[in-house]
Amino acid sequence: MAVERIHAREILDSRGNPTVEVDLYTHKGMFRAAVPSGASTGIYEALELRDNDKSRFLGKGVLQAVDHINSTVAPAIVGSGLSVVDQEKIDNLMLEMDGTENKSKFGANAILGVSLAVCKAGAAEKDVPLYRHIADLAGNSDLILPVPAFNVINGGSHAGNKLAMQEFMILPVGAESFRDAMRIGAEVYHNLKSVIKEKYGKDATNVGDEGGFAPNILENSEALELLKEAIDKAGYTDKIVIGMDVAASEFYRDGKYDLDFKSPDDPSRYISADELGDLYQSFVRAYPVLSIEDPFDQDDWEAWSKFTANVGIQIVGDDLTVTNPKRIERAVEEKACNCLLLKVNQIGSVTEAIQACKLAQENGWGVMVSHRSGETEDTFIADLVVALCTGQIKTGAPCRSERLAKYNQLMRIEEELGDEARFAGHNFRNPSVL
C-alpha cells in the first residue's frame, strides 16, 4: 500500500563512479533500485545531478541527489499516502515538485531511483512478477522475450583504441529461444576472442566498459570483418545479424565528421554526412548489418531523414531522441529514424519511459531497450523489455557481471513463463506480429 520509508545512498557503478541507490519500504518489505549512468550522453538528456566537488570522486559525487531524496522527495511521498501501485501519480508528484523541464532541480538520477523502487514495490504489492506489473502499467497483455544485441567490439568513447564507431553488436535472430540466443552469443564471443588474440596479440583481448573487446584498430570495416570471421568460425552465419552504434555526435566537427577523432585534430580529413552515409551503405552491402544507431549528429536532422529514406534497415535514434517525447515527435514528423533506443535514465521516470515507448510503437517504430555504459547489478531493464514487448535489448557483451545480471534475469523470466514464453527472433523489429 503506502510507502513507509525511503532511504537513498551513494554507491559505485561499474566504472567506479558514484551513483544513486534507493531503498523503499512498505509493509511487504524493502525494495531496492540503483541508477545507471552514460559515457556518451546526448545533450538533450534529462540532467544527471553531480556534486562537482573536485575534492570528492573528481567532482562526480551524487550526495546532492541523495540529499534531495532523503530530505525532500521521501517525506513528500510518505506523507502523500499514495499507494505504490499508483506509479503515475507518484512519478507526477516528483515531476511537479521538481518543476523543471529537464529535472535539473532534483536530478533525473534522484527521481529515477525512487521511480524504479516504487515500481518494484508495486509488483510486490500486487503479488505479481515485476515484468507483469510493468506490462499492466503499459496496458500490455502480451509478454515477449527480446533478441539480445551483444556489444562485442567497443570503440568511440567507450574504448582507448583508435576506432571511431562506438559499438559493433551481434544479434542472434535465428535462435530458437532467449536461452539459445545467449548460448550463440557467448560462443561467438569466445570465437571472437581467439580471432582477436591471433591477429593482434593477447593484450588486444582486454575488455571495455561494456564487456566487449577493444583491439587497436582504426578502420571500422576491420571490426565488421572480425565479427564476420568469428560468426563463421562459430558456425552461425545464418543465425546472426550485425548491429552498430556509431554515436556520431562524438566525432561531429563543424558540420562534418572525423573518423579519426582520437588522433590530433586535422580538418582536412573530415568527411561530409553524404560521404558517411555512403560508407554505411557499403557496410550494409558487404556485411549482414541490419541496424545502425546514431549514424549522424543529434542535430543533423537532414542527414538522418535522407539516410533513413534510402535504406531498408533499422535506424535507431539515441542521442537524437534521448527517450524524450518531444524529440520523438519531431523525429516521427521528419522521418528521421524508425526505431527508438529506450534508456530509462535519459528521461528519468518509469511513467515517462513507458509513454516514450508507446509513442514510438504507435508510430510504427521499433524500440530497443538499453543499459548505460556505467551500470549496476540492478536488473530492472530485463523485466522492462519483456513487459513492453519491444523485441530487442542491448546490455553489453556476455561478459562482466553488471551486464550478465540483466541477461541472466531474462533467462529466468523465460523459464518462469514456460510454454507461454515467446522469443522475438527474426521479428525483433516488429514483435507485435508474433
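Along the chain as shown, residues are numbered 1 onward.
Backbone N, Cα and C atoms are what each Cβ position is placed from, and that goes for glycine too.
Under the three-state DSSP scheme, H158 (substrate binding site) falls in the helix class. Cβ contacts within 10 Å of H158 (substrate binding site), excluding its own Cβ and spanning all protein chains shown: 22. What Swiss-Prot lists as substrate binding site is H158, E167, E293, D318, S370, H371, R372, S373, K394, and the listing cites similarity to another entry.
The active site, proton donor feature in Swiss-Prot is assigned to E210; the stated evidence is similarity to another entry. Neighbour count (other Cβ atoms within 10 Å of the Cβ, all protein chains): 30 for E210 (active site, proton donor). Under the three-state DSSP scheme, E210 (active site, proton donor) falls in the coil class.
Per Swiss-Prot, the feature Mg(2+) binding site maps to D245, E293, D318; the stated evidence is similarity to another entry. Same-chain residues at least 6 positions away in sequence with a Cβ under 8 Å from that of D245 (Mg(2+) binding site) are, in sequence order, N151, G156, M165, Q166, E167, M169, I292, E293, D294, V316, D318, K394.
Marked as active site, proton acceptor by Swiss-Prot: K343. Counting only same-chain residues six or more apart in sequence, the Cβ atoms lying under 8 angstroms from the Cβ of K343 (active site, proton acceptor) belong to G38, D318, V322, T323, S370, H371, R372.
Cα-Cα distance from E210 (active site, proton donor) to H158 (substrate binding site): 8 Å (rounded to the nearest whole number). Summarising the environment of D318 (Mg(2+) binding site), the number of other Cβ atoms within 10 Å of its Cβ, over all protein chains shown, is 29. Residues Q166, E167, M244, V246, A247, I292, D294, V316, G317, D319, L341, S370 surround the recorded Mg(2+) site, their Cβ atoms falling within 8 Å of the Cβ centroid of D245, E293, D318, which are themselves excluded. Those same-chain residues not listed among H158, E167, E293, D318, S370, H371, R372, S373, K394 yet with C-beta within 8 angstroms of the centroid of the substrate site C-beta atoms are G38, N151, Q166, E210, D245, L341, K343. Taking every pair among H158, E167, E293, D318, S370, H371, R372, S373, K394, the residues listed as contacting substrate, the largest Cα to Cα separation comes to 16 Å.
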